[in-house]
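Encoded as structure tokens, the structure appears first; notes follow it.
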Amino acid sequence: MKKINVVYNPAFNPISSKLNQTQLLKNASEELDIELKFFTSFDINTTKAKANLPFISNKILFMDKNIALARWLESNGFEVINSSIGINNADNKGLSHAIIAQYPFIKQIKTLLGPQNFDREWNPVMLDVFINQIKQSMEFPVIVKSVFGSFGDYVFLCLDEQKLRKTLMSFNQQAIVQKYITCSKGESVRVIVVNNKVIGALHTTNNSDFRSNLNKGAKAERFFLNKEQENLAVKISKVMQLFYCGIDFLFDQDRSLIFCEVNPNVQLTRSSMYLNTNLAIELLKAI
């Protein structure tokens, strides 16, 4: 019998979209006759030797973004899915776009990387310098995002310089600034990739918000990718070094897909609901 450890962050439990994630995995494991054992990140004591850790096998499905913990597990010989490198590549949105920029055939949103301000307030002079750089690089409206964030949080639409300045002044962490894709307002495509294979795609729309996150009230329906689009999603998962992920695309003016961001800890519950299938089955089968 295949045995897999699952490590998750209990801090996410109150979030409604994540409540059924463990149950989804349990249901899949029963169907596949796979033994799963669940651990929170707090259950792992990094002062202990490998032999004293409570794991049932060498494989760990790591449903957290704790890069240091993932790296520690890898250093002790565990196979961690996703790897610490993959999580790091995808969790930092600025780093994700820097990696994708190495591949010109992957169309992505025009993205300006903000300076690292080390959780300090903006120096007024440097804020002016950055705003001028933004204005020289793209026209309003623009999107300001924290390099870290999920569920559409810490994402702001700035219609003019006044809103941009106010938004940046409220940030105490690194941000990226992106051209606003007006033709894709409240609309995106989420593609789920497991082990270099597309296992599902959703078209999400939100009529009341520029963000198309399901957590922000968006609706979703199955989206059918053509072969070229499938290959694009798989290529992105490969260059990001991810075993499984959710890749978000926007629509360009010609309705082609343009890379937005990638989630290394994609939540399968709502996607499974809209696709009427348990996506965790494909994930566990692939491990």
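Just so it is clear, glycine is given a Cβ too, placed from its N, Cα and C backbone atoms.
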### Message
Looking at the ATP binding annotation from Swiss-Prot, with Gln178, Lys179, Tyr180, Ile181, Thr182, Cys183, Ser184, Lys185, Gly186, Glu187, Ser188 already listed, which candidate in Lys135, Lys145, Lys227 is the matching residue?
### Response
Lys145
### Query
Within 10 Å of Asp248 (Mn(2+) 1 binding site) (Cα-Cα), which of the binding-site residues Lys179, Ile181, Cys183, Lys185?
none
### Task
Pop the Cα-Cα gap between Asn263 (Mn(2+) 2 binding site) and Lys179 (ATP binding site) into the table, whole Å please.
20
### Query
To the nearest whole angstrom, what is the C-alpha distance linking Lys185 (ATP binding site) and Glu261 (Mn(2+) 1 binding site)?
16
### Message
Same chain only, sequence gap of 6 or more: which residues have a CB within under 8 Å of the CB of Cys183 (ATP binding site)?
### Response
Phe251, Asp252, Gln253
